[in-house]
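Trainee: Pasting the feature list from TrEMBL:
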TRANSMEM  B:21-47  transmembrane segment
TRANSMEM  B:67-84  transmembrane segment
TRANSMEM  B:96-116  transmembrane segment
TRANSMEM  B:128-149  transmembrane segment
Amino acid sequence: MQTETDGVELVGDQTVENIARAAVFAALTGAMAYVSFQNPVSPAPVTLQVLGVFLAGLYLGPVWGGASMVLYLIAGGVGAPVFAGGGSGLGTFVAPTGGYLLSYPFAAALTGLVAHGTTELADPRDVGVAKLVAAMVAATVVIYAAGTVGFAIVQRPSLAAAFAPSTLVDAFLVAGAAFIPAEAFKIAAAIGITRSDQLNAA
Amino acid sequence: MTLAYRPGGGVLHRLDPRAKLALQAGFAAAAFAHTTILGLAALTPVAVVVPRLAGASVRDVLGEFRAVAPFLLAAPAVAGLTLGEPWFRIAPAARVALASYRVLLVLLVAATYVYSTPVRDSRAAVRWLLPGKLGAATGIGVALVFRFLPVLQGDLTARRDAVNARLGGERSIRERIRLVAVGGLGRALSRADRLAVALRARCFAWNPTSPPLAYARRDWLATAAAAGLAGTVLV
């Protein structure tokens, strides 16, 4: 690669802040993949990864929230151990749960879009509870739909077989159903987070 | 332990990261296009040898992907189950088992990239792949994710210990998630603000100097092999 020598082009202040936040939220989502709780209603443990997706959408908005999750995927793809169970590498995207991961940028962008609209970012504290719930439920639907389709594609030798209704039902039962109750806890927790007094900077 | 770079001097460590990315993509394309007993049997030796070239063993890689194993094993079992006689059919289960096995082969090859490629090489490859400012921002972002992951993990673990020490374990799960995440998020936001100040103080620019990436003959050979693997899709 050639070295550029014709002067330094500084990055604008607002962009620096957004890049820094996007990178830190991507790392936060990765760190949350390591935090798991015992789920009271299903045997699958609850990891907080998806909470990171919600928070990126709520605190960074549709554009930079989505960008943050793209960074998360690229960093994981080239070897940062940010996926569930300390996984990383491009292979994770074609593993059975790859569909879930690939949906995160869309889910974060959708969360931000429903919560903030296309105008300037509001403080998540001032966004109504109904809007927050709608944003995160929409994101959850996107994540599980993509996860189910991804699982079906990876687990069937041909695309035609993957989209057969019976395959999608199987895929949902194996890879999705057990985790859905946990999302309700995360949505509730995320609303509690935006309303917390401990969080003064936002 | 987690899947991460292992320093070494093997063949794969010396390859250009772009050639290694091409190899992975070619292998995955071939495995997905030829999900037959014959196709996968032909690809298996490659997938078994490649981790050794990066100084790791097949067992190491399988250990890294424990989390995926239940899905790979459950899928054929569920596909074979039927409601009513004969309860379990072999043929669909075998087809899905083949698909699971194909994923396993791809994971072996992909893990090898991670073992043999340091972060700075990956970052340079990202900058080369994506044009202009997009590549520059993505490159720095990826490097920052690597840097901040352990820091934020430490924040969350400390927060969780603090919550547990105050009998947080007896609260509802919603409340526990909230307490841990609020602490983590608060720290993350203040770290992001300090990082932005630090980046500006160091003249964060769109055109810094990247490590040089150069294609040698072995890289062209690897790329040709990748193209060959990808070409089998058309056969």
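Every residue gets a Cβ built from N, Cα and C, even glycine.
Any idea what these are sitting next to in the structure?
Mentor: Sequence-distant contacts of the transmembrane segment (B:21-47) (same chain, at least 6 residues past either end, Cβ-Cβ under 8 Å): 98-99, 101-102, 104-106, 108-110, 113, 125, 222-223, 225-230, 232-233.
Note on the transmembrane segment (B:96-116): residues 3-6, 8, 10, 12-13, 15, 20-21, 23-24, 27-28, 31-32, 35-37, 40, 43-44, 46-48, 50-51, 53-56, 58, 61, 64-65, 68, 72-73, 75-76, 79-80 of its chain, located 6 or more positions outside it, place their CB under 8 angstroms from a CB of the stretch.
For the transmembrane segment (B:128-149), same-chain residues at least 6 beyond its ends with a Cβ under 8 Å from one of its own Cβ atoms are 18, 119-120, 122, 191, 195, 204, 206-208, 210, 213.
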